[in-house]
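Engineer: One structure, as structure tokens, below. Some questions next.
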Amino acid sequence: MSENVPLVQTQSQDPDQGHDHDHEALTSPLLPHYQRASNSTSQLAIVGVNVCPIESLDYEIAENDFYKQDWRAREKIQNFQYIFMKWLLCFLIGCTVSVVGFCNNLAVENIAGVKFVITSNMMLTGRYEMAFLVFFLSNLVLALFAAIITTFISPAAAGSGIPEVKAYLNGVDAPGIISLRTLVVKIIGSISAVSSSLLVGKAGPMMHIGACIASLLGQGGSRRYGLTWKWIRFFKNDRDRRDLVTCGSAAGIAAAFRAPVGGVLFSLEEMASWLKGKMWTSGLLWRAFFTTAVVAIILRALIDVCLSGKCGLFGKGGLIMFDVYSANISYHMADVPPILLLGVVGGILGSLYNFLLDKVLRVYAIINKKSVTYKIFIACTISIFTSCLLFGLPWLASCQPCPLDSTEDCPTIGRSGNYKKFQCPPGHYNDLASLIFNTNDDAIRNLFSKNTDAEFQHSTMLIFFVTCFILSIISYGVVAPAGLFVPVIVTGASYGRFVGMLFSSHTNLNHGLFAVLGAASFLGGSMRMTVSLCVIILELTNNLLLLPMIMIVLLVSKTVADAFNGNIYDLIMKAKGFPYLEAHVEPYMRQLTVADVVTGPLQVCHGNEKVGNIVHILKTTNHQGFPVIDEPPHSESPVLYGLILRAHLITLLKKRVFLRTPVRIGADAFRHFSADEFAKKGLGNVDKIEDIKLTEEEMEMFLDLHPFTNASPYTVVETMSLAKASTLFREVGLRHLLVIPKRTTGSPVVGILTRHDFMPEHVLGLHPLLVNSKWKPLRIALPRFLKIF
């Protein structure tokens, strides 16, 4: 499959706009198995591991008469309650995410601890075959359990969740992304997957968990499962819930790494693309910082409890394992060339890593669509392969004598420690087993540790790097919650330490520091973030003296990698088919107007519309918004009155406040309806037109749509450049953008733009000559150049 061909392409109709498309859609899968009728389908994307219909979120407030009346009727105490609830929910999000993150780490530490202790005890008595059998079966059972609950309960919980939440904050709504079911599976599945010795991390799942918790609290719980709280059901629109999800994602990263500032910056730099404009307000920044501060305080208190030995066998909460490097650092100009080399190598390896992972995920997607059996089979196969490597490779390493000046026990018998005994005789240790036959957290601690320059051999570091590089790529695609942060850190730290060993005679920097810089370079080369990664690594290592060197390797690695491909999360979103709006626009969009991409026919409603016509439109289309126009005799000439949402039309039909003649309902509308009825519904509570049964008499009656129509929608003239319209659409967070004619003759509205119309695949499908035009080199090179700066 070609690198530039996504797994999902455009469908012939966008459900968010009121007109049909005759071209092939951007988000229907290439696989014919998923093709559906064009008049009733939404766009499609791969959510987790399943293909699901997706729509857009309403970040724009529908300012109809009911919304205005609701705000006019509010008293000061209600406004204070609204603001107070924002802060209270941020506090609750911080408390909940920190407790979940701590329990997650605690469970992994204890489950993995029991597994390694039993295996090590068997090896001490020479029962190597039985030790391998226990290790192999325990890993297989844990991986199988994670795959089964993910496949059958919540496929949306597969993967890290960062691409899905990033798409959500960009305005993409997909079923199950932040549901209660996804939250439960994400927590349990992440514990099982990480404990099974698969080379996956828990940082991405923790970020997804934080987003789910924030969303559920913001909508007052889950009505589907009978878990609702009316006293916190204040946020009845996507804009407020978006802010909470932003805080939740920041709290998730803070809980994963105990990095509160890094969590806030990660949400700003990577997750909340809509914030990169003018909408990143000081209020939201302050609430996000407050949320992560709550996480940090509670984690510190819980970790102190564990340090007193009250958390099980090895309950130290794995997130403190990175706090290992605190030596004073002195570096000189002679140390700069190796650091620059690390940055260049990290950029090249990071781009290669992204390329290979993208290809592997495409292969997994083709296999996963066949049946559930294939999904489970892949997970079991990867688990078996991983267990064989982790148990078998240390036998290739030679035993090393224990150092006389070691500050800890050597050899280490049990789960953790720098000097694993494995199969070695007394007084000796297996350096490869200290890294590979261990948890990811302990491997990072051993790599980052200071005063251990003589602990590892060159061959050990090379074998460990190649193993981590391969396993992290093939493990991410399994049907289970799996993060990329920790595997990338382990892989980068291994080659960083290897480079430090090669330059040991030319630099005063110790190998542990090179491991930290290697992890930073590989993170920069793969994820393409700078500020947030720099702060996260500083908070992980607890050493501000590393700042200049980390800044250098991140800048160099990102610059080098951007010359080859995009960051890993953007590649995954593209492969999954999410219609993500980039911060930059394609150069050829400046040569097109919005009229060049608007297609018809357009479905419209009149201000006083017959009930039968509304029912017909709703049943024959899947559009989510419809222009409302007034025509004579209700106006002197055809005029655009506003935009009404599909959900609001269904609410009007359910209430059955019909009129026998097409007249204005006036103030009577406020007696029959309340603002709450037009508020955003929670997850799984979407009303359907098929559920409404009307009589023939009712079908001949009329509805006055004026009080329920957003009379101030965003509009652009048909001659506006597509690039300018795209910037407006993304920065304001729109779902619909009305296109009006330059001249007032004829119809008052030309069409509706949605995010589908700004997708490069859609634009190039309408104007294929642009593909091979003189803009092609610029179209490829300019976005990568802009990302560097």
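Residue numbering: from 1, along the chain as shown.
Using the three backbone atoms N, Cα and C, a Cβ is placed for every residue, glycine included.
As listed in TrEMBL for this protein:
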- 1-25: region 'Disordered' (REGION)
- 1-15: compositional bias 'Polar residues' (COMPBIAS)
- 16-25: compositional bias 'Basic and acidic residues' (COMPBIAS)
- 82-100: transmembrane segment (TRANSMEM)
- 131-158: transmembrane segment (TRANSMEM)
- 178-200: transmembrane segment (TRANSMEM)
- 284-302: transmembrane segment (TRANSMEM)
- 339-356: transmembrane segment (TRANSMEM)
- 376-397: transmembrane segment (TRANSMEM)
- 462-491: transmembrane segment (TRANSMEM)
- 544-564: transmembrane segment (TRANSMEM)
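Have a look at these and tell me how they're positioned relative to everything else.
Structural biologist: Beyond the ends of the transmembrane segment (82-100), by six or more residues, the same chain brings 187, 206, 209-210, 213-214, 217-218, 232, 234-235, 240, 243-244, 247-248, 251-252, 254-255, 287-288, 290-296, 298-299, 302 to within a C-beta distance below 8 angstroms of the stretch.
Counting residues 6+ beyond its ends, the transmembrane segment (178-200) has Cβ neighbours under 8 Å at 100, 104, 107-108, 111-112, 115, 138-143, 145-146, 149-150, 153-154, 156-157, 161, 165, 168, 206, 208-209, 211-213, 215-216, 222, 224-225, 227, 245, 382-383, 386-387, 390, 439-440, 468, 471-472, 475-476, 478, 480-483, 486-487, 490, 683-684 in the same chain.
Sequence-distant contacts of the transmembrane segment (284-302) (same chain, six or more residues past either end, CB-CB distance under 8 Å): 86-87, 90-91, 93-95, 97-99, 101-102, 243, 246-248, 250-251, 254-255, 258, 260-261, 263-264, 267-268, 275, 317, 319.
For the transmembrane segment (462-491), the residues of the chain that approach it from at least six positions outside its boundaries are 49, 143, 146-147, 150-151, 155, 157-162, 185-186, 189-190, 192-193, 198-206, 208, 256, 349, 353, 356-357, 360-361, 363-364, 368, 375-376, 378-379, 382, 385-386, 389, 393, 396-397, 432, 435-436, 440-441, 443-444, 447, 498, 519, 522-523, 526-527, 568, judged by C-beta separation under 8 angstroms.
Outside the transmembrane segment (544-564), and at least 6 residues removed from its termini, the chain residues within Cβ reach (under 8 Å) are 325, 328-329, 331, 336, 339-340, 342-344, 346-348, 350-352, 354-355, 513, 516-517, 520-526, 528-530, 533-534, 537-538, 784, 787-788.
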